[in-house]
Amino acid sequence: MASSSTFAIATFFFLLCLTTPLFLANPQHHAHHPRFASHNYRDALAKSIIYFEGQRSGKLPSNQRITWRKDSGLSDGKAMGVDLVGGYYDAGDNVKFGFPMAFTTTMLSWSVLEFGGLMKGELQNAKEAIGWATEYLLKATAHPDTIYVQVGDAGKDHSCWERPEDMDTPRSVFKIDKNTPGTEVAAETAAALAAASLVYRKCNPSYSKLLVKRAIRVFEFADKYRGSYSNGLRKVVCPYYCSVSGYEDELLWGAAWLHRATKNPSYLNYIQRNGQILGAAETDNTFGWDNKHVGARILLSKAFLVQKLQSLHDYKSHADNYICSLIPGTPFSQAQYTPGGLLFKMDDSNMQYVTSTSFLLVTYAKYLTSARMVVKCGGVVVTPKRLRNIAKKQVDYLLGDNPLKMSFMVGYGARYPQRIHHRGSSLPSVLNHPSKIECRSGFSVMSSQAPNPNVLVGAVVGGPDEHDRFPDERSDYEQSEPATYINAPLVGTLTYLAHSFGQL
């Protein structure tokens with residue numbers, strides 16, 4: 001069990017940031033605000049951040065806002081003699097997967113780095129969400145050349161439908177090391193630590209230095225001992241978080257974040273030397289927990305567009321190619337949209353691609369505006385304003401402007417999913433049902449049509465199918481399961497929209 005001092009230290013990191021403002025590059029914004037917004041983006045922003053408190057594992061703090069959740073996983077890591085208490089459950093089960101947790105942390109950090117200067121009262125909540133993850137990632141990387149990448153046996157966990165507070169399935173611990181490498185998860189963890197170090201740089205320099213120092217060490221490990229964690233830990237991580245895209249994208253992504261966090265020329269040299277080998281010009285246009293190619297292109301384009309780093313000028317054209325693939329009516333358009341206008345990539349948890357794409361659109365629009373540049377797709381000129389409008393349309397669909405007139409964020413709007421695929425939300429809370437609910441007993445609830453008794457405020461579900469249909473069935477994990485990596489990029493986009501409409 002983690003000592004109380006661990007949590008006192010974590011709280012101290014957060015409180016330190018309360019006393020000093022976070023100095024961030026101020027996003028470009030318009031002097032006047034549009035008069036009318038069809039949505040309360042500020043409310044959606046607040047709820048998108050509260051959601052992370054419902055996903056917390058470990059000893060919950062006194063300021064916990066989702067109060068139906070209680071302490072869980074207090075002996076995590078004990079099976080291997082390490083302290084792995086804390087962190088986040090990735091989605092609707094009770095397993096802690098390091099790969100999506102790290103990506104969630106990177107994207108929350110990027111949201112704050114680009115738009116935190118506009119977040120006002122939500123900035124501290126966003127930083128607490130990041131800090132809950134970084135505290136865990138520091139524990140998971142405490143031993144050199146080793147990363148603890150998973151707590152819990154997913155197969156056994158999924159054979160139960162029980163609250164995290166009750167779980168009695170094996171809390172098995174899985175790691176990567178020199179003998180069993182996992183470059184994807186190692187490089188993503190380095191990216192997360194590096195990105196988060198920038199969030200804390202002004203408000204807590206000592207914590208920031210700790211994070212970046214660890215990021216450097218973890219990236220060295222990722223690069224030196226190359227191998228896919230889907231090979232070494234196949235039985236453990238597949239089919240849940242198998243890496244299909246390989247590890248090259250994470251190496252480029254991790255190096256990009258370390259370049260941004262350290263300004264050390266060695267990372268720029270690494271990117272210039274290895275960029276093409278690592279897939280800088282790949283035409284795969286899906287950005288999510290597995291594939292980081294597009295994110296790396298947009299991130300590196302900033303160095304050229306904003307910081308005028310000429311050696312990275314190719315990343316502007318790489319980023320433009322991605323943008324052109326999204327724009328309907330351009331010669332290079334590849335994206336599919338539902339009849340109602342939602343970007344559609346795949347059946348399983350499609351909304352994660354909607355939120356990640358929308359974030360990249362508003363972020364790239366910011367960089368282009370700073371450089372007074374546009375995107376040219378054949379003969380079609382695409383302005384930053386158009387990118388923002390596309391992102392807004394996607395977010396508006398998510399919040400209720402769709403054929404079903406339904407919000408896909410739990411707790412937002414008049415109508416939202418009632419039966420999400422989430423163990424803690426669907427079962428009676430510990431407050432209302434103190435006695436244990438056994439492993440198999442919960443399946444009667446899982447298969448019922450009753451609404452979830454506990455509202456997981458801010459949770460964004462996988463979303464509708466390619467025909468805009470959404471059955472709202474708890475057993476349908478593809479459409480009804482929320483996940484941390486769906487929400488993380490949405491935080492940045494909602495901040496931009498709330499500010500744009502004068503709500504922040």
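Yeah, the Cβs are placed from backbone N, Cα and C, and that goes for glycine too.
TrEMBL labels come from automatic prediction, so no person has curated them.
Database features (TrEMBL):
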type	residues	note
ACT_SITE	His421	active site
ACT_SITE	Asp472	active site
ACT_SITE	Glu481	active site
DOMAIN	41-494	domain 'Glycoside hydrolase family 9'
SIGNAL	1-25	signal peptide
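When the alpha carbons of Glu481 (active site) and Asp472 (active site) are compared, the span between them is 10 angstrom. Counting in whole angstrom, Asp472 (active site) lies 9 from His421 (active site) by their C-alpha atoms.
Counting other Cβ atoms within 10 Å of each Cβ, the active-site residues Asp472, Glu481 show the lowest value at Asp472. On the 0 to 100 pLDDT scale, the domain 'Glycoside hydrolase family 9' (41-494) averages 96 in this prediction. Sequence-distant neighbours of His421 (active site) (same chain, six or more apart, CB under 8 Å from its CB) are Ala91, Gly92, Val461, Arg474, Ser475, Asp476, Tyr477, Ser480, Glu481, Pro482, listed in sequence order.
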